[in-house]
There are 2 protein chains.
Amino acid sequence: MVSEHDSVVFDQGLDLECGVHLSPLRVAYRAYGTLAPDASNAILVCHPLTADQYVAEPHPLTGKPGWWARMVGPGRPIDTDRFFVICVNVLGGCMGSSGPCTARSHDDATLWGTEFPPVTIRDMVQAQAMLVEHLGITRLFAVIGGSMGGMQVLQWAADFPERVFAAMPIATASFHSAQNIAFNEVSRQAIFADPDWHNGHYREQGAVPARGLAVARMMAHITYLSEEALTRKFGRRIRHEPSGGIARGSLFGEMFEVESYLRHQGSSFVRRFDANSYLTITRAMDYFDLGADHNGDLSSAFARTPIRFCVVSFTSDWLFPTSQSRTLARALNRAGANVSFVEIDSDRGHDAFLLDEPDLDRTIRGFIGGAAEHAGLGI
Amino acid sequence: MVSEHDSVVFDQGLDLECGVHLSPLRVAYRAYGTLAPDASNAILVCHPLTADQYVAEPHPLTGKPGWWARMVGPGRPIDTDRFFVICVNVLGGCMGSSGPCTARSHDDATLWGTEFPPVTIRDMVQAQAMLVEHLGITRLFAVIGGSMGGMQVLQWAADFPERVFAAMPIATASFHSAQNIAFNEVSRQAIFADPDWHNGHYREQGAVPARGLAVARMMAHITYLSEEALTRKFGRRIRHEPSGGIARGSLFGEMFEVESYLRHQGSSFVRRFDANSYLTITRAMDYFDLGADHNGDLSSAFARTPIRFCVVSFTSDWLFPTSQSRTLARALNRAGANVSFVEIDSDRGHDAFLLDEPDLDRTIRGFIGGAAEHAGLGI
């Protein structure tokens, strides 16, 4: 299963923040475009919680277009005709990088499962940095990502200021809020409540905690949308049953369109995602607090940074509200960083960064273009 | 179990909106204070989703104070020294009124369980009206309630304008939004995902879908609070383990205080609430759309109403946002109703109506006092 995904194996392994030495370390990734001879044109795209490295091509399991195919590709805002674009499956993920679904070691083919050690956003970025070095890239031209991808962008900027020219954290925050931890916790409890969870040993039992994982996804999906988006998309429309009648009396049948939509979101997610990975990655998000990691002073995480930043938020995003992006932009300002802050007017909630938002396209294209000029990229 | 709660049995039954004739109809309630000889001083308090009739006295199962004991009692804003206060367990509930936990009929002692017919807010109000009439009350001095209780207040006003003098819908709306339906649907799916659900026949199996119901409650609880309240109450504080260490490496153990709090909310709820009732009542909320029931014109639900209204919302309530209360107040204005609208500044979210909010106390006391004067109540 692992070998289905392009990956690099680092036998030297990686020291995780939790104290565990993870060896070997497997890093699965996809790359698009051509790396310049001086390796100056590499852009790393960091994926959000439930996406993966298939950012710009059809997904091998679902056949659906890449999760950011509208943003990454020839002539797109992140232009693969000009840039060498890399996307790495995060550590703990389930698409080839070391995680609950990979083997413990060269000598032990059993899968990690629930015993995969807890990883952090910092661990994810360390693994990406090893891959980037392996590819012969000394400095990334840009690191770009939304949501949990944005957390990785910030971690890159904090940990490798000399190895990043430009950084674009989108719809994200420097820490995971109490409300977001709470939502993640409920999603984890939904998985634990599934009889097919088997304390994490579901694979050995030939089972998948599909119902629990679907509930987790359904709940999370609500938080990705705004109330306005849900109302516009579904309102209180009743789903007409195949018989043609309205299932007014059917207490447990499908009734409102929004319910039918959520059930579909839940069940289609289960086909491409692993429950232990979901638990591992949500935990990594909950841990994330870049300010706390720097003695409570977020700006010191970016002290004297040479990186050019563009912070982006969306007006109707209540999962990572604009106020958190503003806090971030202020910390960057205090650190003396070169930072611009763009709040995009959208009523589509957190998901806006994945959707057709021309203002985001323009912002990304403009920021990359300007940075490329300043970097003196002859492309 | 049923006989533990004071109730009235109506053998004539009730025609439910779904078409089922429910007979007998059992209505469990609690009353406080003394009914005036002319029965002019009755206030009906309508309870929200997961509360019950024990509004002003310790709960018989948990021993905790009544859910609105701070509002209802001698000298309290809803003053039982002056008023006769009634609180009715809603139809479909699990504290004595007809619902999944009561017997099907005099001749069939088996419990309704999952086959209890779907009920609506209107059905709930019809049952309450039968009780009120049974108690010899021709006109309620006031009907007051928050959240789903507020939906009942609105239904009372729409269906029985001559039998209510004053109405106070708090932190509520005239319809359940797509987002709220979505959250309810996820909570139902969490119950369905529990192996102890047994397709609703858990009692026959000697089981309780405790984990699913707990997940449902945990998720709902997040929606009752504001992000500010969660941050102030818990922030990102780590729960110190009894050993004294910080469980940083413990992926699935308790870590953040907010998680520990939510788990407690979930498990304590399961001890006092029935899963089938939860499903039945959330469905009733989802159905609720008073405007749609009046050909899309909410104001016509209140045409020429003689009732005095006071609509109350809270600034940080995102489950029933102020905008929905404003829509309601405007419809009442269009209907020519006597209506005041109070938006209370609070950062505690939807739950504010149940908490120590002196502005709400003053608003309720003031509205009741003024209405009592206009009603010419000599008390």
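Glycine too: its Cβ is placed from the backbone N, Cα and C atoms.
Record features (TrEMBL):
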- B:74-355: domain 'AB hydrolase-1' (DOMAIN)
- B:SER147: active site, nucleophile (ACT_SITE)
- B:ARG217, B:ASP351: substrate binding site (BINDING)
- B:ASP317: active site (ACT_SITE)
- B:HIS350: active site (ACT_SITE)
Protein Cβ atoms within 10 Å of B:ARG217 (substrate binding site), excluding its own: 22
B:HIS350 (active site) and B:SER147 (active site, nucleophile), distance between Cα atoms, whole Å: 8
All-chain count of other Cβ atoms within 10 Å of B:ASP317 (active site): 28
Predicted model, mean pLDDT over the domain 'AB hydrolase-1' (B:74-355): 93
B:HIS350 (active site), number of other Cβ atoms within 10 Å: 26
Neighbourhood of B:ASP351 (substrate binding site) by C-beta distance under 8 A, where only residues 6 or more apart in the same chain count: B:TYR224, B:LEU225, B:ALA229
Other CB atoms, at most 10 A from the CB of B:SER147 (active site, nucleophile): 27
Residue pair B:HIS350 (active site), B:ASP317 (active site) - Cα distance, angstrom, rounded: 4
Rounded Cα separation (Å) that holds between B:ASP317 (active site) and B:ARG217 (substrate binding site): 18
Three-state secondary structure, which DSSP defines for B:HIS350 (active site): helix
